[in-house]
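Peer 1: For reference, the structure I am asking about is given below.
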Amino acid sequence: MNEAFDCVVIGAGPGGYVAAITAAQAGLKTALIEEREAGGTCLNRGCIPSKALLASAEIVAQIRHADQFGIHINGFSIDYPAMVQRKDTVVRSIRDGLNGLIRSNKITVFSGRGSLISSTEVKILGETPSVIKAQSIILATGSEPRAFPGVPFSQQSPRILCSTGVLNLKEIPQKMAIIGGGVIGCEFASLFHTLGSEVSVIEASQQILALNNPDISKTMFDKFTRHGIRFMLGASVSSIEDMGDRVRLTINGNIEEYDYVLVSIGRRLNTENIGLDKAGVICDERGVIPTDSTMRTNVPNIYAIGDITGKWQLAHVASHQGIVAARNIAGHKDEIDYSAVPSVIFTFPEVASVGLSPTSAQQQGIPVKVTKFPFRAIGKAVAMGESDGFAAIISHETSQQILGAYVIGPHASSLISEITLAIRNELTLPCIYETIHAHPTLAEVWAESALLAVDTPLHMPPTRK
């Protein structure tokens, strides 16, 4: 007789494992199916390992500028294999902790590939194939790097890399090409440039970081090029050839050769061969599974979360969707709210944004005021030697409600949370500038930007005469 569960989650990434934990804590008998490692792409092949390498690169950058702080270092070397080993240790430690959390919540884990065979049955293809019954199912199958047309990622072409393979390089490339100037492409460009690689980024459009915010795109393009990263915008790659000891690219008809090529042109959704048709779940031509605000698909007892919903390809969005789905299965009436989703780019410097951009506000006909306050007027940033950059607040012109924000500069990834909370709770500018911010801190930049919006800045001249 097949084992029965209240909730079965297919995929143990940041959406799936959070959904499983939430369901189990709500008293549901829960199963979690994963064919690889707990934590999914984020923990094992994405967010965490790349940030571990970026942490090492940040120390390299600090050493190079140590003389500005009165510290003179006579020569240093980069042990890249040791950096990679540290990255692996970080991932393994977090994964071990995650497996412990799953066990402590009494979640039954099945190792294998989950596939629907009906709306209430899941087949597990693993060492010992089995079928389990499910009252409710959450699909959290994620996505994979998209390959360059006609050039699949394989061990036969170790110099043509995806975002997974690039994390396991044995050496720092002398000369590296990155196809795609989006978030992932720019993060790796920043990483390897800092480590000493000669980096070229090839982007088909006329701007990098297409976030519907031209200010971010232009500012970061200027910073990257000033630091020495080469960009080819409006460029088309027609062929990639693995020559054994190098890779040959044809770019706009011109041939260039590199040690390694990173292909970063988006991700392919994992919605094929998971039995959607057998359960009656609708999926569009892109592989997206439509859901309502409770994360329910067209089949009432089947939910979908994460990349496959076609919303935001962000781990924290997947996690929140997982919470919403699990709580609805448990009988609550939760709905997802995408009004305040923070997005972070882990480059040097960091970039973060949330809510409406000036462009999206204009497109929606919303009258807004955009105020940008520079870090060079923030004492802590100057003391840290990181005064380049700014924080911008987008507020409604009349009501002063905060509708969006973006920040380029030190610790942007952490700073964005204050404005995320403000947007989520429909706060206004006075809620920020009337709040006492600790001094000296980087967070003061938000109070100053809010004051600037009402033309009463404390640490820069007002605009009125």
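Placement of Cβ uses the backbone N, Cα and C atoms for every residue, glycine included.
Sharing the feature lines straight out of Swiss-Prot:
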type	residues	note
BINDING	Glu34, Glu35, Arg36, Glu37, Ala38, Gly39, Gly40, Thr41, Cys42, Lys51, Gly114, Asp307, Ala315	FAD binding site
DISULFID	Cys42-Cys47	disulfide bond
BINDING	Gly180, Gly181, Gly182, Val183, Ile184, Glu203, Val237, Ser264, Ile265, Gly266, Arg267	NAD(+) binding site
ACT_SITE	His439	active site, proton acceptor
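Could you tell me the structural context for the features on the list?
Peer 2: Just so you know, the Cβ of Glu34 (FAD binding site) picks up 25 other Cβ atoms within 10 Å once every protein chain is counted.
Listed in sequence order, the residues of the same chain lying 6 or more apart from Cys42 (FAD binding site) and placing their CB within less than 8 Å of its CB are Gly13, Pro14, Ile48, Ala315.
All protein chains shown were included, and the count of other CB atoms within 10 Å of the CB of Val237 (NAD(+) binding site) stands at 22.
The DSSP secondary structure for His439 (active site, proton acceptor) is coil.
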Peer 1: Calculate the distance in Å between the alpha carbons (Cα) of Gly182 (NAD(+) binding site) and Glu34 (FAD binding site), and round it to a whole number.
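Peer 2: Rounded to the nearest whole number, the Cα-Cα distance is 29 Å.
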Peer 1: Find the one among the recorded positions Ala38, Ile184, Ile265, Arg267, His439 whose C-alpha lies closest to that of Cys47 (disulfide bond).
Peer 2: Ile184
Peer 1: Under DSSP, is Glu34 (FAD binding site) part of a helix or a strand, or is it coil?
Peer 2: strand
Peer 1: Please report how many Å separate the Cα atom of Glu34 (FAD binding site) from that of Arg267 (NAD(+) binding site), as a whole number.
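Peer 2: Roughly 19 Å, rounded to the nearest whole number.
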Peer 1: Quick one: of Arg36, Arg267, His439, which of the recorded positions has the smallest count of other CB atoms within 10 A?
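Peer 2: So among Arg36, Arg267, His439, the recorded positions given, the one with the fewest Cβ atoms within 10 Å is His439.
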Peer 1: Can you check what DSSP calls Gly182 (NAD(+) binding site), collapsed to helix, strand or coil?
Peer 2: coil
Peer 1: Around Gly180 (NAD(+) binding site), which residues of its chain at least 6 apart sit with Cβ under 8 Å of its Cβ?
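Peer 2: The list for Gly180 (NAD(+) binding site) reads Val201, Ile202, Glu203, Val263, Ser264, Ile265, Gly266, given in order along the sequence.
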